[in-house]
């Protein structure tokens, strides 16, 4: 069993995702809230300049800057590349394991509720996800396999994962989601505390997992300009089944565009504001029930 | 009776309010949609650089730059001040009346539905508002008296007004609200067409008006940092009565803050993302029924 010695909570990797920003400010003001009997927890604001500017980022997306290339080069051309190195020095000094767990707090304009995003299938993370989602049925678990070099902040630790909550607009605080996210963070810390104590948490041997199978872009013209919007029938329907032949987009001329896949999928991150520029209208996932024990 | 010779539709005065941006692009592609028998309509993107950057503005809020001071000075220190002068030259060349009507399209993260915002009580605007809100009960009318020098784009014309739709996140297209806004624009143009034809539109002699009586800021500490969020019970409750003693904010420590006014008010623009930096958590209004004929 892994022993957790240090956990890190990061908020505001994206400066306009305010729930993480204000949760971390709260944890820094009241550190006892994230203190647990048998490990330390540090908390950190990811992108202070972007937070001050109320923007996702200044030069480029910080949460894509944690690549081997960027972290090892001496040349840094952007604020976020520099900031990624600083964060690495805090969370993984001299490129050595220092924090055992990273919880990266995000919000989304998609209706993802309370979502744990796993970048790998480490048994401890699967156990955590099974436990937390059994306690709180509002919690969903999304798996998006990420290689070490994918650039995500959470990839600095093997036990790194994101908490993604929504729907909430960029630059806005939702009190309801703030409270729910706070409770979810405490539940995660409690789980690790119990693991360290050797108490095996109550057995939950099944876990419903939304497994990413790829992204879908908006229909675009030759200039890259989008030609359609998320269909009203799909808007806010994250995690719900999308069957072949059902509408997914509506053009500006009011024509429906249908999903042409061959099997039922479960869209995630539907209409996330920050993904328009990334060429992502939604991710598609498969819903799987897996056995964790 | 005023004769309307030219109307202007502006979208994207704020670059991350996408419904106006894509409606104007549609109107520019299909100009017949906004053509009417007895007047011309031109359409215009307000802030192209901010639209490209997916931000509200580059240097400062364009929709506060249409002040006498800025429009008459030779010194321009920001992109938006320059752009305001360009827009004035298009809509009001040599500071002479050229377009008779300005429709400025906006979106908000507040739950304002389809809202017509009037900056003055011109009888033709009141008649328009009464007519449109009678035809479509989803349409609300908010009056925020603005002096000529207040800096709003719509103040370039006596018959200038805004259409404000929400709730929609910044940087996001809502297909449902896109369609509803489009139909609202057509209804406005149809109304002016009928006015020009001397057809007095169907009589609607009462109009429900939400009259602004001031703004409320978030509780803040000495450093200007916000200390509380919009209370969950108030979130998305625009236009609904707020009675003395009801909760309006929730601190990060989960303490409720109550409305201490002496009379019932109707909050508007609750939790608008762009207003955090302006020191506005919401506007308060009085609900009035006025007679327009």
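Cβ coordinates are placed from backbone N, Cα and C, and glycine is handled just like the others.
TrEMBL annotates A:14, A:17 as Zn(2+)-binding residues; of A:106, A:122, the candidate listed for that same site is A:106. Using CA atoms as reference points, the binding-site residues A:64, A:164, A:275 were checked against residue A:17 (Zn(2+) binding site), and the closest is A:164. Residues of the domain 'AstE/AspA barrel-sandwich hybrid' (A:206-287) grouped by DSSP class, helix first, strand second and coil last, total 3 helix, 35 strand, 44 coil. Cα-Cα distance from residue A:106 (Zn(2+) binding site) to residue A:164 (substrate binding site): 5 Å (rounded to the nearest whole number).
Each of the binding-site residues A:17, A:164 was scored by other CB atoms within 10 A of its CB, and the lowest score goes to A:164. Less than 8 angstroms from the CB of residue A:64 (substrate binding site) sit A:151, A:152, each of them six or more residues away in the same chain.
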